[in-house]
Structures are given as C-alpha cells and as structure tokens.
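Structure first, then comments.
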C-alpha cells in the first residue's frame, strides 16, 4: 500500500542520513546517558552508606545496610521507573511526544539534586528521604524510555532506523562508564585530602565525616548532563507521525519536516483524513481489533523484555562477590571508606569498558544488516550457553586458579546481553505498533522489563543465599545457593529465546507497514 503513504512520512522513510538524525540521537541519547548514570551510580555508594550510617562499635567488619534498607535504596528507583514508563508512555500518545519530553528531564534534574541533599539527623531519616527522591527520579527516567524510543523511530529513515534507536539506547553504556569514572576521580580527590587508616586499624577513624559529601556529590552530578540537554529538547519539533496520524494536522507536519529535511513537502489533509477515518483508524488498546492485530506482538515484546531483565539485573548481584573473589576489590576491613568507593568504581568501570559498552555498539553496527530477530535470538542463545557454563561446573570456578576464566565467561554473558536482547527489546516496540498507541505499547513493554528487573534484583538476592543457614549474609534466610540460581537464570534465558519467535522482524520496513496502518486505511476504504 505504498501509494497510501503520506508524502511527509515517505520523505522521512527515504531521507538520507543527515545532521538532524545525529542531533536527535544526541538529544535523546543524553537522556539515556543520564538515566544510566542515575540508576547505576547508587551501587557505587551503597557500601559507603552502610559504613556511614550503620557502623557498629566493636564489629569485626564495617557497617553495611540492613537487607530491607539495601533493597529499598537499590530498588525504589526501579519501582519509580516502572510507574513512569506506564504513565509517560500513555501521556506521550495523549499529549504528544514533545510536550511530555521536557517534563521527564526536569523531573530527573530536580530529583538528582534532591537525592544528594537527602537530609535528617538519623540513619532512618536520611535513607527515607533518599528513597523518596530516588523513586521520583526513577519516575522521570521511566518516561524517557518510551518517549526517546518513539521519537527516534518516528524521526529515522527505513534503512538505518534500527541503528539510530540502538544508538540512543547505547548511550546507557557511556552513562554507566561515566558514573564509574566520576566516582574514581571524586574518591581519589577525597583520599588525597582526607587520608584515613584501614577499618582493621581504626574502625571509627576509617570513615572520615567528610565521606558524607562524597556519595552526595556522586548522586548530584547526574543532574548536569540532563540540564545541558533541556534547551535542545524544547527546540525539537513534534514528530511528523504524531502530528499527521494522531493530531491529524497535515499542514503542521509538512511545515515541521520541510524545515528539518530542507525539502518542500506538500500538506495532504484529505489523505490524512482518509488514512485515519472510521473505526479501523481509531481502535484502542483494549479492543478486539488490537488483540487480533497486535496481541501476540505485545505478548512477545513484554515477555522477552521481562525475561531478559530478570537475567540482566540479577547478574549485577554477583559482581561484588566476583570482584572480591578475584582480588579486584580487597577485603572491606583492609580499606577505609573512601578507598572502598574507589575500588568498587574501578571494577564497575572495567566491566563497562570491556563488555557493556562494546556490546551496545556491536548492536548499532549490525542491527540493520542482521535484523532484530537474529540478534535477539543469538543473544539469548549465548546467554543461555554461558549461564549453564558458569552453573554446571560451578565448583570448578570457585578454585582460585580458575577465577579469571569465570570472569571471562561472566563478561561474555554481559556482552551478548547488550549485543542481543538488551538492545533489541528496546528497539522493536518502537517500530511495530500504530502511531496512536506506539508510546503506550513501548511503555507497557518497558514496564514489563522493569518488573523483571525487580524480580531479578530482589528475588535472586534471597535465592542466591547459601543453603547452609550458618553461611548466609546477615539478616537473610537460607536460599538455593549461587549454582542453582545460575541454573535458574539459564532456564530464564532459554524461555526468552522461545518467546522471541512472537516478535516480528521490522528491518527495512516503514513504520506504517509494520503497524498495519496502511492496511487499516485500505480496508476502511474498501468498506465505504
């Protein structure tokens, strides 16, 4: 039904890659850079928070956050993100992508700063205010997922759309990297200024009072990249697909895209009315037509993202144990509080540099050649293989001489998560649903992912505990052990591989062809 395609949308589909594509990637990508920085920087300072606020006189080890406080501090932002994805996804289809886009960024700027200003005299009040602002920070971050993906997919051309959306998502890798690098710089500066003995030498003196500023600075710096992109977000025109197909304003869509593409585009109001008329042009999310056309697609995008995030977020749990086991992080009592931040940040930066960032950019390079389906299938397959390779001979990996091999296999699971489903689950929901429901459906898919993240981060925190009650971490019940947890994660990855078969391939097709909007119009025309 190419003949039905609006001139303004056709112009976008066949446009050569030009400067406005890159500005859109940078504007949307800086949001994702900030998202990743804000979400992951908390893991750099949780040990420091434990030392500062939960010190126990006479204890052999430094203070740590109790399990319920640790879960709240690490997980509250994920809960906020889930709520934000659903709310802003729906709002993006109701009010337009651009109107809501600045709001999410403002929320992120204010709450990043407020997280660092968490006030109170007691540990309880500081943690409560930190959790409050982290929730609303997550809420703003959640909005960025459906809006950034939708805006980029609606701006891009057919040929390189996958790479452009993946490039926005890949900025996450740089955000994680930036968090680690900044924490290294800040902790090095603090170490030079406030030297302190190790915990085993002087338990109280090992945590200098000024360390309280360190975690606050690390959290607040997340506001800077968001603030720098706010002006440019406000200058972006609304996407032509929203203006034409949802707002039904042909003249505005043609005017906006004529400026962006620097070509003359005719306003085709009558064709827009024909494309969007009648029941077929307007079926909603909770209708029989949506279920028939896109029900399986939505099941595919939600289930694969849910299963991926269970595996992806629970993998992060094993990092601290792995880093300690291979000597990347010395024992807690052999360091002072600021040193510990430095070593944790160094380890996270190495993992980001060696496996996380390259994985994202492999997807950017190959997604429009290999296709979304092949990359997702391959990613889940390798994640399954490597997870079983870690789990089945787990006792072998625990010996000191085999630990480097464990890290290599562990890093490969991260690499294939990012050169695989972690990127494609973000790309596909922005391409296969109708314009009027695109942001909503992406928000639902992303929220399913965050639900998986919550299950992964907290379910496995308890499951991975030792089966022997005498060997569990303080405050936790006995679990099923690390080996059995890894086997379970292998099964989760295999299920992700199976559910991938519900997701259609969108490589090289226009958004209207994928969503069936041209067919809807043709059917309506045939009926009238």
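Using the three backbone atoms N, Cα and C, a Cβ is placed for every residue, glycine included.
All TrEMBL annotations are machine predictions without curation.
TrEMBL lists 20-49 (among others) with the feature transmembrane segment.
If you look up TrEMBL, you'll see 24-508 marked as domain 'Major facilitator superfamily (MFS) profile'.
Taken from TrEMBL, the feature transmembrane segment applies to 69-88 (among others).
The transmembrane segment annotation in TrEMBL covers 100-119 (among others).
Taken from TrEMBL, the feature transmembrane segment covers 163-185 (among others). Listed by sequence, the residues of this chain that lie at least six past the ends of the transmembrane segment (163-185) yet keep a Cβ under 8 A from its Cβ atoms are 21, 24-25, 28-30, 32-37, 40-41, 44-45, 148-149, 152-153, 155-156, 218, 221, 341-342, 344-346, 348-349, 352-353, 356-357, 359-361, 363-365, 367-368, 418, 423, 426-427, 430-431.
Residues annotated as transmembrane segment in TrEMBL: 213-232 (among others).
Per TrEMBL, transmembrane segment is recorded for 343-367 (among others). Within the same chain, residues 40, 43-44, 47, 162-163, 166-167, 169-170, 172-174, 176-177, 179-181, 183-184, 187, 319-320, 323, 328-330, 335, 375, 411-412, 414-420, 422-424, 427, 507 sit at least 6 positions outside the transmembrane segment (343-367) and bring their C-beta atoms closer than 8 Å to a C-beta of that stretch.
Residues or ranges marked as transmembrane segment in TrEMBL: 373-392 (among others).
As annotated by TrEMBL, transmembrane segment applies to 404-423 (among others). Taking Cβ pairs closer than 8 Å, the transmembrane segment (404-423) reaches residues 166, 169-170, 173, 304-305, 308, 311-312, 315, 318, 322, 325-326, 351, 354-356, 358-360, 362-364, 366-367, 375-376, 378-380, 382-383, 386-387, 389-390, 397, 496, 500 in its own chain, all 6 or more past its ends.
Annotation source TrEMBL lists transmembrane segment at 443-464 (among others).
TrEMBL lists 485-504 (among others) with the feature transmembrane segment.
Mean pLDDT for the domain 'Major facilitator superfamily (MFS) profile' (24-508) in this predicted model: 89.
Below 8 angstroms of C-beta separation, residues 62, 64-65, 70, 73-74, 77-78, 81, 104-105, 108, 112, 127, 134, 137-138, 141, 144-145, 148, 151-152, 155-157, 160, 164, 167-176, 178-180, 183, 211, 214-215, 218-219, 221-222, 225-226, 228-229, 232-233, 236, 260-261, 316, 332, 337-338, 340-341, 344-345, 348 of the same chain, each at least six residues beyond the ends of the transmembrane segment (20-49), sit close to that stretch.
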